[in-house]
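Novice: For K10, D142, the entry in Swiss-Prot reads active site. What Swiss-Prot lists as ATP binding site is P100, I101, G102, G103, G104, L105, G106, G107, G108, S109, S110.
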Amino acid sequence: MKQVWASPAKLNVFLYITGQQPDGYHQLQTLFIFLNYGDEITIVPRQDEQILLMTPIPNVSHDQNLVVRAARLLQQQPGKKSQTGSLPRGAEISIKKYVPIGGGLGGGSSNAATVLLALNHLWGFNFSEDELAVLGLKLGADVPVFIYGNSAFAEGVGDRLQPVEWPLKWYLVLYSDVKISTKMIFSDPELKRNTPRRSLSTLLAAPYHNDCEPVVRKRFPKVDELLSWISQYAPARLTGTGACIFSEFNTESEARDILEKVPKGIYGFVASSTQISPLKKDFLDVRSQIS
């Protein structure tokens with residue numbers, strides 16, 4: 001039976017780099033929020049153990065694709081049999097992409113989290129969110145927040161999560177044809193890595209910033225130009241390591257008014273924030289139907 005699952009985009013409302021570990025990973029303080037916008041993932045269970053990605057991404061091999069890696073990681077787990085017993089552990093996976101790749105919206109991590117949650121259900125496993133988050137962390141630091149599906153303040157490498165209440169806001173997200181590698185930004189020698197750690201209450205009361213933004217603006221002139229352009233209408237920041245930027249509004253119409261003015265070669269969308277991610281809502285619906 002074919003099933004379609006949400007794979008939402010996230011924004012980093014702020015992002016501060018507070019240090020670097022001996023293993024190279026960076027210590028962060030960031031606030032994740034979810035948008036009512038994202039990819040759609042269709043999964044068809046197979047009667048064998050093949051994992052087939054029906055919509056490959058250019059320049060990414062099948063075996064290295066995060067979605068395939070997520071499915072195989074779960075496939076390798078002993079599992080917990082549900083009342084239906086042992087089910088086939090294969091799948092055909094298709095992704096309808098709306099979230100730009102290399103944009104800082106968490107598209108790959110979100111896709112991986114959706115696959116872990118969906119296959120956990122479809123294969124009759126019974127792993128908890130906490131157990132899936134541990135698996136997800138092996139795939140990427142952002143995967144756990146998509147597993148839990150709540151707006152959250154993150155510390156550590158992004159894996160220590162504290163749920164946060166976030167008001168309903170509207171966001172204009174803009175981007176060009178630039179794609180940015182997270183690894184490249186975090187390895188840049190000019191990246192600020194010593195922002196003092198602060199309490200969440202202090203961070204929420206202070207102006208929001210992204211420590212990656214100065215480096216990204218310097219290395220990618222198109223991002224710099226876009227941030228300069230939108231500043232005539234509204235404050236804007238980078239999300240993640242870019243290349244997407246965003247502005248916050250109280251109403252949808254305010255955001256759409258600016259979207260209509262964007263220069264040629266600039267793309268974007270308008271979406272509202274949501275306290276619970278669209279993916280988590282999907283699973284709450286599934287659980288209510290089962291019960």
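Placed from the backbone N, Cα and C atoms, the Cβ positions cover glycine too.
What does the local environment look like for each feature on the list?
Specialist: Remark: K10 (active site) has F32, I33, F34, L35, L105, G106, S110, D142, V145, F146, T239 as non-local neighbours, by Cβ distance under 8 Å and separation of at least 6 in sequence.
Classification of G102 (ATP binding site) by DSSP places it in coil, neither helical nor stranded.
Its Cβ placed at the centre, D142 (active site) has 25 other Cβ atoms within 10 Å.
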Novice: Starting from the Cβ centroid of P100, I101, G102, G103, G104, L105, G106, G107, G108, S109, S110, which together make up the recorded ATP site, report each further residue of the same chain whose Cβ lies within 8 Å of that point, ordered by sequence.
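Specialist: Along the chain, the qualifying residues are A9, V99, G240.
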Novice: I want to verify one value. Collapsing DSSP to three states, which class is G108 (ATP binding site)?
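Specialist: The three-state answer is helix.
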Novice: Which Cβ among the binding-site residues (P100, G106, G108) has the fewest C-beta neighbours inside 10 Å?
Specialist: P100
Novice: Indicate whether D142 (active site) is helix, strand or coil by DSSP.
Specialist: coil
Novice: Using all protein chains shown, find which of the binding-site residues G102, G104 scores highest when you count other CB atoms within 10 A of its CB.
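Specialist: Per the Cβ count, the most surrounded site is G104.
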